[in-house]
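All remarks here apply to the structure that follows.
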Amino acid sequence: MVEPGQDLLLAALSESGISPNDLFDVDGGDAGLATPTPPSVQQQQPPSTTTFVLNQINQLPTLGSTIVMTKTPPATTNRQTITLTKFIQTTANTRPSVSAPAVRNAIPPAPAKDQVQLKDLLKNNSLNELMKLKPPANIAQPVATAAADVSNGAVKKESSNKEVARVWINDMKMRSFSPTMKVPVVREEDEPEEEDEEEMGHAETYAEYMPIKLKIGLRHPDAVVETSSLSSVTPPDVWYKTSISEETIDNGWLSALQLEAVTYAAQQHETFLPNGDRAGFLIGDGAGVGKGRTIAGIIYENYLLSRKRALWFSVSNDLKYDAERDLRDIGAKNILVHSLNKFKYGKISSKHNGSVKKGVIFATYSSLIGESQSGGKYKTRLKQLLHWCGDDFDGVIVFDECHKAKNLCPVGSSKPTKTGLAVLELQNKLPKARVVYASATGASEPRNMAYMNRLGIWGEGTPFREFSDFIQAVERRGVGAMEIVAMDMKLRGMYIARQLSFTGVTFKIEEVLLSQSYVKMYNKAVKLWVIARERFQQAADLIDAEQRMKKSMWGQFWSAHQRFFKYLCIASKVKRVVQLAREEIKNGKCVVIGLQSTGEARTLEALEEGGGELNDFVSTAKGVLQSLIEKHFPAPDRKKLYSLLGIDLTAPSNNSSPRDSAKKARKIGGLTGSSSDDSGSESDVSDNEESDYESSKNMSSGDDDDFNPFRDDNSSLITSQDAVERAQQMKKDLLDKLEKLAEDLPPNTLDELIDELGGPENVAEMTGRKGRVVSNDDGSISYESRSELDVPVEILNITEKQRFMDGDKNIAIISEAASSGISLQADRRAKNQRRRVHMTLELPWSADRAIQQFGRTHRSNQVTAPEYVFLISELAGEQRFASIVAKRLESLGALTHGDRRATESRDLSRFNFDNKYGRNALEIVMKSIVNLDSPMVSPPPDYPGEFFKDVRQGLIGVGLINVEDRSGILTLDKDYNNIGKFLNRILGMEVHQQNALFQYFADTLTAVVQNAKKNGRYDMGILDLGSGDEKVRKSDVKKFLTPGYSTSGHVELYTISVERGMSWDEATKIWAELTGPDDGFYLSLQIRNNKKTAILVKEVNPKKKLFLIYRPNTGKQLKLEIYADLKKKYKKVVSDDALVHWLDQYNSSADTCTHAYWRGNCKKASLGLVCEIGLRCRTYYVLCGSVLSVWTKVEGVLASVSGTNVKMQIVRLRTEDGQRIVGLIIPANCVSPLVNLLSTSDQSQQLAVQQKQLWQQHHPQSITNLSNV
């Protein structure tokens, strides 16, 4: 019988990477190591230690062997830890009984002399003597050491082959110990675990979508899919009857699935939340499904029920035309759309605003915070809208693309933005309004949901009191948790999310090789930036700049750094894009090129400098660095300095006031900042700019007199003349160096593309910029405005779009900023029906963003699906981004060209790296580079030179490692484990260095993920059972009522048994059909416990020699094996030879785990714990239904029984009778406490029933409607 406390220790130990079993019995191997004669210090290794954070120690259970606790002396390290050291008794007598362990604060039974010596030496901190000291003889080889850092509480694993002194001085961190490389050794008993690594597969992630409960309307013109987890829950019954005209439905102006969304939204709007607000609805449809029409349908439905006023918020004013088109298309011609920004301040219904009494007011999020300077009663847009709606307003408010209304409610120290507060205030002031949120990434990013307070997920009457409670619960639980929230919302009828299937779409990855000259130029640029960084630092120190100024300066510096290298990356691809585009046009297709940013600001600056004259295309990259040096280099002008020194204090200094520079930053950041931000490079840039601007605004809002960046400690205003001179000189030198480099820097990508592809008359440009640089017939270069005689700038993009859709121009270039919501597909209604080829030069590194981008050319009602071309260079990580995006496209149904990605699918593409494993891997990488930690993997073998040394220099150059001035000690940047920052910054390293570093990061990530899998801590998102050949049966189901504010209200606990083995009969059936020369039965070369492994092998990819493997106990394996690996471990045999071994393992795996089968005993079983590794038949307990309503209860049980770290694993099942179940796996030891909790909360069940009855009294139409339906 296991004592209650032992669970805790086992959890803690396995968390630390120590196999709990090692504490209990002695493996033959281990015992052999504990020889009585002490070998020399060099060979002997320290005892295995697990360091617990202090507060865990009082919960330590009683253990059979001696436990020694040594308190760490505060002098040596700042971590409060206690080290638990494992000693294995090598005496002949048996173990002491488990009930009475010896726990003592002493050193183990080593010779007394040693003990004294060690104590004294520790007291005197005598390091040399300590190093000579031999460890006690009876200490076994370590398993691993783990140390919990107080700073972040996460347990990190360190390899245990550090010098012996480490343990004797209690894990003191010493710089001088060079980390020795640890080559992972495969122990023989690891092997059978491997086959169990992913016993649950990920099946296809999307399923074909059809409305289930609603049978009206025509089919959607294109195939639509939904994630499988959502498709396995059914929405509530429909009792609402829409008022939309038969004509609209019969003509298919609203398709069946758009009508479904309209109906559920209207039905949800009939219910109220516990706090009295009307419930809202979230449309999570992806790009191209027709969100616009669905919204128009909801507005129309309410208009017909005489709710004639509606508000529609979106990201750009251009989309107003789309809104009008959508309303017109569904037959709601009489509903007018008014732009909020065209109204004068004052009553909207007044005469001077055209007496607007009804219709839709269309506004952008930014216009919501508009304010008039002149005063008056309705001087803000918000007041205008509130007055127009009236207090009892029960019409529709639509928040379209609501994820774009950034930082509506940032969590943490930053304040919510004005826009965010306005959106919340609008909802709070109009509690009866019918709110609709629309966002394709609606429920994938929980933080984006902050302002969706009408969904009733948090607040009064829900498990989460505040939004922050909800966020904490969800983010702690990883990917799976968000899926549960989404499923729960669909169950309750408040969420719907479909995506256009990518069937028919093809994509290819074009690798652009970098020429020698380009790499040379790139490396030169890197060197210049490294020098610039040093000069900025030196100059700031010279003139003794203030902290605030430095912060602003570095914000600008890194923002420019990132943009500079982004531009260089993109420029390397221009030639290839031009070639490809010309080819595609020849083949009768048309081309769409996606860019993230336009570089307009640089062009304007160059123009200003040249007095309106240009003699060549402007180099955006050069402009970035030049403007940085000119505006933000800390070298004050002489004249300005004098004015600062008191001659005229009122003139603020251009170069020295961060307020100015922040304003400037805003100005130039207008285009470049925002576009680099949109590109998915969640960089340190945009955030810093924002925060620097805020902070500098706050600090300089006082009197200008008391703000001076050059004040020294004595508050005197004197800056040494000499220092200023030197700073000026540095600035001049930098600009000279830049001029030298500028000869090689590439020109503005957008202008070059347009020029190469035949000029503005052939290329439709849809971007946010106002002018462009063109080359004239005589070869001269000039700047011209984009606007044309008959077309105002506002609708220029729409005109250009029309020209493209009419076939006047066959090439379109779109920038991120201008493109949201624009449709460029080969529409059946458009003249230009050529197949679209969509090329992207810059992939965002989140797949969601990429899909959003591709939604421009892949939409409903198209004649042909587009082709995507990703252009990637060999710079750090671009291939990786491409494969992540490709992976997502494949799961949505797209096809690759040819078979070239078959190799990559075995590659790393399945790991998205912006997650906790990525951050963990990055932490290990960074720490190993500065010798704070030992590397998990060896550096890339083909790197010429000293990898760690070179990379260290490189990272110092890009500011991710800082050097302390006086001591020369290396420290890591505060955000050193921020993936986005890392990926952006390493672009500023020389080409071969960044590639090697990225490779090293990727290898480390693979190792981290493998470790997590081994320790059973890997969060795989949603897993599938019954997707392969397993047989899934329901053996029991318990139902529980749960309180809920609407019709939902129960959870079920299923007991599921899964049989996954393969009998000999089944195996021989497959074997009979095999044809390949290497197919057939194999036996393992290694014999363990007098047994061999039998497997059945089938070749699935002859070109790559990839084989599928079947095992007797676990059936078909997900992981394909390469032939070379197979040959190392197995030899081919005839079926008769395999028979005995196959049957033996098949029969024993019914109730014997792999360990017991191969070793004769299982450590876990000997403790009385259940071990299921390698079993043929497994039992799972799955909780489904409205899990969100009992979330806190489930959390409570899981935490109390299994410790806080148990992960929430979601599973998808398909039972033998075809039923689909999605839910949470409840660990076996949590089942009975959970059942008790759910069933004893009888009151809440009664309450739930009462709430339901009460609800039905309040909504009689639901009952009458039900009888009508």
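Placement of Cβ uses the backbone N, Cα and C atoms for every residue, glycine included.
Per Swiss-Prot, the features are:
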COILED    719-746  coiled coil
COMPBIAS  679-693  compositional bias 'Acidic residues'
MOD_RES   Lys113  N6-acetyllysine
MOD_RES   Ser126  phosphoserine
MOD_RES   Ser178  phosphoserine
MOD_RES   Lys377  N6-acetyllysine
MOD_RES   Ser656  phosphoserine
MOD_RES   Ser657  phosphoserine
MOD_RES   Ser661  phosphoserine
MOD_RES   Ser700  phosphoserine
MOD_RES   Ser701  phosphoserine
MOD_RES   Lys1098  N6-acetyllysine
MOD_RES   Ser1262  phosphoserine
REGION    21-47  region 'Disordered'
REGION    652-725  region 'Disordered'
Rounded to the nearest Å - Cα separation of Lys377 (N6-acetyllysine) and Lys1098 (N6-acetyllysine): 79
DSSP-derived structure type at Lys377 (N6-acetyllysine), helix or strand or else coil: coil
Protein Cβ atoms within 10 Å of Lys377 (N6-acetyllysine), excluding its own: 10
Other CB atoms within 10 A, centred on Lys1098 (N6-acetyllysine): 18
DSSP-derived class (H/G/I helix, E/B strand, else coil) of Lys1098 (N6-acetyllysine): strand
Model confidence over the coiled coil (719-746), averaged pLDDT: 87
